[in-house]
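K.L.:
Take this structure, written in structure tokens, and hold onto it; I'll ask about it next.
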Amino acid sequence: MIVAGVDEVGRGCLFGPVWAAAVILKAEAFDRLPALGVTDSKALSAKRRQALLPEIHSHCLSYGLGQASAACIDAVGIRAATELAMCRALQRLCHSPDHVLVDGSLPLRPWPGSQETVVAGDSHCLAIACASILAKEGRDALLQRLDQRWPGYGLASHKGYGTKAHRTALLQWGPTPLHRLSFLAPELKGGSPAGASSGNLE
């Protein structure tokens, strides 16, 4: 039976897409990766996550990434957008899973196949832990690039979360097209930066 683990990152951010990864591991991964310290991405430093990436890639039978944009989040809500990102990640796997392990307590409603929720799955399930690392590193790399486009917001440091520095930048500059307006308090929704263009509803 082919089992995939799926996890998301960026659900609580004020900026940018919610990102997901799905992973199907090779049999030998279950000995090798725990010995290397693979666990929940939140428990690992950025340097350690980056060091683990090639090991995770080499021990995957298949992996896929998916995202849903800030515009999509504003349109359909964070839960539906997160489900969309997860389904996109699963659909990009090279092998169709017989069963999906979903991090958290909420089922993946659009997924038509067999699935199981795993509370704190990124700490207790190796495939979900690997997915959490791939999702985190993928989204962080995107935020590093977007920091160059909007350098005044500190995106490379806070990764879109609602830190004091991020909120101060919003008060000064207003939201970019990639901010989630539905997540912002009224006082943070001022004018958009000069030259801004609308984000895609994906």
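Along the chain as shown, the residues are counted starting at 1.
For all residues, glycine too, the Cβ spot is worked out from N, Cα and C.
So Swiss-Prot has the following annotated:
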- D7, E8, D103: divalent metal cation binding site (BINDING)
- 1-195: domain 'RNase H type-2' (DOMAIN)
K.L.:
For D103 (divalent metal cation binding site), which residues of its chain lie six or more apart in sequence with Cβ-Cβ distance below 8 Å?
P.N.:
G5, V6, D7, E8, T117, V118, A120, G121, D122, C125, I128, A131, S132
K.L.:
Using a 10 Å cut-off on CB atoms, tell me which of the binding-site residues D7, E8 is the least crowded.
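P.N.:
Among the binding-site residues D7, E8, the lowest count of other Cβ atoms within 10 Å belongs to E8.
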K.L.:
Helix, strand or coil: which one is D103 (divalent metal cation binding site) in, per DSSP?
P.N.:
strand
K.L.:
Would you report the average pLDDT that the model assigns to the domain 'RNase H type-2' (1-195)?
P.N.:
96
K.L.:
Once the DSSP letters are reduced so that anything not helix or strand counts as coil, what is E8 (divalent metal cation binding site)?
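P.N.:
It is in a strand.
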